[in-house]
Every structure is written in structure tokens, then in C-alpha cells.
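Report on one structure; see the data block that follows.
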Amino acid sequence: MSNEHAPLLAHGVCGLSVDTAVCGMGGSEGTGEASTPNAVPRKLNTFFGVIVPTVLSMFSIVLFLRTGFVVGHAGLLQGLVMLLVAYTIISLTILSICAISTNGAVQGGGAYFMISRSLGPEFGGSIGLMFFLAKVCACGVYVLGLVEAILDIFGQDPVSASALRVLPQGYWYTVLYSSIVLLLVLLVCLVGAHIFARTSFLILLVVTISLLSIYISPMALTTPLNFLISHQGPGNQTLTYNASYTGFNGTTLRDNLGSSYTVDYSTGKVMSFASVFAVMFTSCTGIMAGANMSGELKNPSAAIPKGTITAVLYTCIVYVLLFILASSTCERTLLVQDYGFFQRINIWPPFVTIGIYCSALSAAMCSLIGASRILHALALDQLFGFPLAPAAITSSSGNPWVAVLYTWGLAQVRRGHGCIILSCATVSLANLMPTFQVFSWHTCLLGILSCLVMMFVINPVYSSASIILLLLLLLFLHYRSPTSSWGYISQALIFHQVRKYLLMLDVRKDHVKFWRPQVLLMVANPRSSCQLINFVNQLKKGGLFVLGHVKLGDLDTLPSDPVQQQYNFWLSLVDKLGVKAFVDLTLSPSVRQGTQHLLRITGLGGMKPNTLVLGFYDSCTPEDYFLQDPAFYESEEAGGDDFGVDLPSLQAHFPPVRHVESPRWLTPEEYVGIISDAIKMSKNVCLGRYFFQLQGESMGTKMDGAERIIDVWPLNLLRPGSTSAASVDVCSLFLLQMACVLNMASRWRHARMRIFLCVEAESSDQGWVVKEETFRELLRKLRIRASIKIVPWDSVVQLYGQKQTQDAELGELGLMRPAPALSEDFLSAVNCLLMEHSAQAAVRFLYLPRPPTHSSQSQQYLSQLEAVTQGLGPTLLIHGLTPVTCTEL
């Protein structure tokens, strides 16, 4: 895909002013080559781009200077076992590399590019940076190895009278020689990948000639040779050993079959299986050299699998033959006491010397150019921001020369080893559909476990340090919240797990003990609803929260669905508000019909809304929240989010708030009809009023509600005769439950909750006292911590009237009689009662009566609700249908 090497999303997604090529397939079909505009031509084929660098990286100086070390200490059998284990591990890793590289178009960055596009920017960035550092360290190791090999031949030695030993030795001389060699490597890599490929090919020819001389020498040297080998021992004493070359000899082979771990003369430490294996395994870390050249390969998807597998098979055969040759021709003393014994038994010793120099030089070049390509890809993706930004600069030919200079500078000051094994192991985590099919999750898992085990076998300290560094980088990139269009595997895994658990969430197994509010909040214009959105985000308390919106229109008269264009704006709004909500939009000829659609189809399986929340229908002029919250108007935010929705676009998308003379989208009859529809569909209904006055609900506000009060009026205040002090119905219990849920939210957890019971204190029947105790016992059983306030309302009940009580009871029985008209004096008295006792509350929960059955009374119903709640402040009127309380364990 043409956007596979784009930086973290900054230009939008499909459908939002994005070039169509970005949203479609931009690669050449069947070639795996990305067709990006003005792309630098790719010149390297499989042989020069993958096989040559991989072979040279896997040979390095280990081939010539550590073959005797491995065979001498471990013996032929254990040496072959080490080879088998090492190549098994890298083969499992290669299977994953091949699978990822054939899963789509591969661009520059090699292993980092493949991992980041599979596992996402967090894993890709952290492992990419570690892989880069590992390559830098490896480059320094190879350069130091080359310098030591040079000084072994040309370094000054008082004991030797050779005319070749002219180079002075010492720490700073070693630093000088290393810098000169590293400068030579830098010059080759600065010219470009094509010069590097040609140089590497010439080096491979020289190394091949050196190998052939080693294989031919035992046939030419048929007579045994004896050598006197001296080392500086402890206490400045000189240790002398007699060693022999026997040629092909059965006795020699038999003596070298078993292991004999002794003291390593170069370190003075006793060797073991783990220490010998660690040295040998370093040769296997070069398998990524070809993959790191992905940006210069003509067809990386085909070249990386073929080239890497070919190179690994070739190097494995070479190592096996060398192990057999060394164990069959040389006594163990020669193998253990002289790691450069190949020079002693060669028909022309300079062949081996030249091979050592060339292999070390090529390995250093592979590491430097591979590391620079990884750094360049990291810089292009902008994962680490400004510090790596200059590394994205390239020459006119496409060579990332700044990244090369970065890498060269770090190689100059290297001091330790990286975690390349962990990097190779992590790539196996991807779950893909590649054209390379010789892999499965079993091989990935086995590869991961094998790499982890070998890491700790080789060096537990460095292994632990690399894992800690990986976790720290993961956390750093996670909190930077990078967003990309790379289509990485975490989204697929999340989808798989969500689908699996949604299927397990059986609605037939619902139980009241585990009930939680799952809210559909209908929003006409978020400019005036942001405070209510923030409040419902607290009220949901771990439940489902969906923002619903109805776009008025008829799809038959439109060329396309206008709703699809709006989702990104609404999702950007959700991000800015910091709420955990989904968005569901629909197109409908009316708001009522659209709300019915959303109530039926929103959600999936056991996660469907059970509660509808609406803003209150009144004549108040709404306020524009976008003008109050700095997040919606500060200039520094004008750059936009990661999905192409900038602040001006977000503000322009949502229309200005309604003015007093502006027409209403919704009639009173339609609004009350929505409430009736929700109740008919067994949904709980909440109406929120005055929530624009609620403070402290925005994302940046930090409070725990210590100074807040939650007031609950669980009885139906508009029907005094239908309830008493303790005869609470399902709606009352639901109201109590919602208040408790809010009290558990983070910003309300320390708020005080008060429950008001309205009683007729002057009545001759004093049974309300007993019922009050009954209500307190109910609260104890329900584990509701709240103070109970007794409110006498005899005067209010007297205004209600006996006839209205009887009519209301008939209406509740479903006899289809119109709801009684309540007097203004009664409504005013109820409002005064609420104002007197709940004026200091932060939010109030009131009982919402059922709406009238006749649409002609919709205006009267709304007028009653408006009169009762007039001037109260943030108020939630609730009508609950769902049993939500349980006293059983």
C-alpha cells in the first residue's frame, strides 16, 4: 500500500480530503513493490541485495577465528549440536520474517518496517530502536575485531624480529586504528547502496577464495606438522604448548568427538557449553542483513525470503564442513591454544589473513548500512520526534546520508551489546496471511521461546536489561499515543477477542446483580450538550455509552449517504472531550423515527443500550460550550488530530447553537413520543436539564466530589396519592441505583448523597414513621450509604386535590382517560419544595412520571415538568423499568 511508509497519521483517512491513492492499493500487483510518487529507483536483486550481505554478516570473523575455539572446547558432537540449535532458532525466526515480508509491500527499514507494520508503532518503534543500537554495537565489535587481527600481524612486538610489525600498540592507538577503519566503512556507505553491494560482492569473492584454500590445504599438506605455541600466563610466566596437525586421521577425529572445556587463553576463564555457544551464536545474528536492505531491493517480498533462506543454508553447510575438517585434522591442543590455527595449516597463510580482514570489514559495513536504514525509517515515521528528524534527510539519489552519519557517530562511542535476538523473536508475534505459507503460530511460539531461553543462557544480565529497555520504550511510545494507518496486528487481535467475548455475553444469562447502565445519549448539537455528555460518561460507570444523532433526510433523494462523512468529526469530538463513548449516526425523515432505529440496532449481542438519555425540551437558549472550553478554541490545537480533523473543521461541522427565534427540529409531540417509544421498547428514560450549569466534568478537571451533594427524590412528586413514604416501585429503586452508580464514579466518589422522603406529617395516620424505618432497612439491605431527610408536604398535597388523585389512579390502571391537569399553584408548590431543600445540590435525581397516552397532552406534560424543575440547576428526571436491585449474594 502506498501509505505503508507514511508517518503517523496526519492527513486523514478515506473520505476526509485524502488523495484516493492513499486509500487504495498503491503497490504493483504481484511484485510487492510500492509505487510511491517520486520514489527512488530500487536497483538490487536477490543475490546482491540479500544473499551477499547475509552470508558475509553470518561469516564475519567468527568463521576464521572461532571455529577452533568451538570445536576444541565443545568437541565435534556438541559443536554440531550447537549448530543445530542455533540454526533451528534462526530458521524459526526466518519463517516469520518470510511470512511478514510476503504479506504486503515492503519498504525501507527492514525488520523495523515489517515489525511496526505488523505489531504497531509501539512494538515496532521500541524494537526498531533496540535493533538499531544492536547493529551499531555490532559494527563497533567487528571494527575492533578487525583492528585486533591487524595488530596480530603488524603490531609491534619486542619478542619478534619480523619486519612487518611496525604498528605501535596501546589503547589510544587501537582507538585511532578503529576510527580509521570506521571512516573507511563510512565512506563506502555514504556513496550509496550500489557501491556497498559491489564492494560486498568483491569481498565475498575474496572470502570464498580463502575458504577454498582452507578446504584444499589438508589435501596438499599430507605430512604432519608440529607447532610450539606460547602464551603469557599468570604471574608473567610463559606457558608453552606442543600442538600437532595430523592431516585427516581417524584417531584425531575420535579424540575430538567429545567435549573438553578448559581455560580460554584469551580471557583466562573456564569455558562451558553456554559460553562457547554464545560465541558461536553471534554468527547467526546476521540473518537480518538482507532484510535491512529492503528499501534498495527491486522486489523485497520475493528477494528477502529466497535470499535469506539460501544464505542460511549456504553458511550452515560451510560451518558443518569446517567443523568436520578441523576435528579430523588438528589435535585438540592446537584448536584450543591457537584460534587462528587456519593460518598455520594453510598452503599460503596470507589467504586466511586476507579472509579475516575482508569478512570483518564486510560485517562492519553491513551493520553500519543496515543500522542507518533502520534509523532512516524510524525518522520517517516520526516516532521519536525531533531528535531523529534530521535522519529523514536523503541525497538526490535517495541515500539517507544523515542517518549514516548518525550511525557512524554512535559506532565511534559504542560500549556494549544490543538485544538482536529479542528483536528477531518479537517479529514472530504477527498473525498474517502471507504468500509464504511454511509457518504457523506453533513455529512462532517455538521461535519466541527458543530465543528467550538462549538469551538467558548466553547472558542473563544483558537479557534482562534488554527486556527492561524494551518495556520502557513500549511505555514511552504508548503514552505518546502514536496513531497510524499501517493496519497492525493488534487491531486484528482486539477484533478477534471482542467478537469471542461478545458471543459469550449471552443476553439470556443477564442477572440483576451484574446490571449496569448502558446508555444511548441522543445529541442534537454537541455545542450545547458537552456538559451532559461528560456527565453521562461518569454516570455509565463501566457500562456502554453511545452518542446517537439523527441526520434528517431521505436516502432516496441523496446521491450518497451523508452520515458516513460525519463519523470522523464525531469521533474527534469524543477524543477532545476525553469520554469513553461510541458513536452511532443514522439518516431518517424524522428525529423520532431515527431514535427508534438507534434504540433497536445500536450495540451488539449483550452490549445494547438499556437506557435512553435526552436533553430537556424547553425554551431556554442553549450556550455554546465550544466557546468555553480552551480545547475547542486555543490556536495551538489548530493543527488537528491524527485523523485529518483540524479544529476549524470540527467547529465548522457542528452548526451554531439555536437562537430563541430559530425553528425547532422537534415538536413537543415528537419529543414526548420518543419518551413513549422508549418505554414501549422497555428502555429506561432519563431527561437532563440545566446541565450546562454543571461544573467540573471536563477532561482536565481534577476533583473527587468531596464538596458535592447528590439529592435523590425517589417518589413521584406529581402524583402524591400514588405513593407513600415507603411504597417505592421499580422506578424509585432504579432512580436510587443510578444515584449510587454516579456516587461510585471517580469525580463523585466522595460526594454526599441525600434521599428525601415526602410525608404527610399532620395526617391522623402516623404510619409513615414505621414506613420510614422500613425504608431505612431497605437502604441497608441494598448497601446504599445515604442520609434520609424527612420532608413534610401536607400543604402541597392539599393543593393537589382528591379528584385529581382519583383520575390519576384511573390513568395508571390503563383506562385511557386523559391525564389530569395540575394546577399552577400545585406545580409552583412542588418547585418551591425542591428549591428549599435541594438548592445546594450539585445534581438532583427526580422521578419522571409516565408520559400521557394522548399526543394532545404532550405540551401539558412538558409544561408540568418544566414548572417543577424551573431554576433548580442540574436535574435528571428518571423513569426506570428495569429491576436493578438484589439483596442476595
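Every residue gets a Cβ built from N, Cα and C, even glycine.
Now, the feature entries from TrEMBL:
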type     : residues : note
TRANSMEM : 47-69    : transmembrane segment
DOMAIN   : 49-412   : domain 'Amino acid permease/ SLC12A'
TRANSMEM : 81-106   : transmembrane segment
TRANSMEM : 127-151  : transmembrane segment
TRANSMEM : 171-193  : transmembrane segment
TRANSMEM : 200-221  : transmembrane segment
TRANSMEM : 270-291  : transmembrane segment
TRANSMEM : 303-327  : transmembrane segment
TRANSMEM : 347-371  : transmembrane segment
TRANSMEM : 383-409  : transmembrane segment
DOMAIN   : 420-520  : domain 'Amino acid permease/ SLC12A'
TRANSMEM : 444-477  : transmembrane segment
DOMAIN   : 531-617  : domain 'SLC12A transporter C-terminal'
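In this chain, the transmembrane segment (200-221) does not touch the transmembrane segment (171-193); fewer than three CB pairs sit within less than 8 A of each other, excluding pairs fewer than 6 residues apart.
Among the stretches 47-69, 200-221, 270-291, 383-409, the one making the largest number of Cβ pairs under 8 Å with the transmembrane segment (347-371) is 200-221.
In terms of C-beta pairs under 8 Å, the stretch of 47-69, 270-291, 383-409 lying closest in packing to the transmembrane segment (303-327) is 47-69. Under the criterion of 3 or more C-beta pairs below 8 Å, with sequence separation of 6 or more, the transmembrane segment (383-409) and the transmembrane segment (47-69) do not qualify as touching, having fewer than 3 such pairs. The stretch in 200-221, 270-291, 444-477 that contributes the largest number of Cβ pairs under 8 Å to the transmembrane segment (47-69) is 270-291.
Taken residue by residue, the domain 'SLC12A transporter C-terminal' (531-617) breaks down under DSSP into 39 helix, 22 strand, 26 coil. Confidence over the domain 'SLC12A transporter C-terminal' (531-617), given as mean pLDDT on the 0 to 100 scale, stands at 92.
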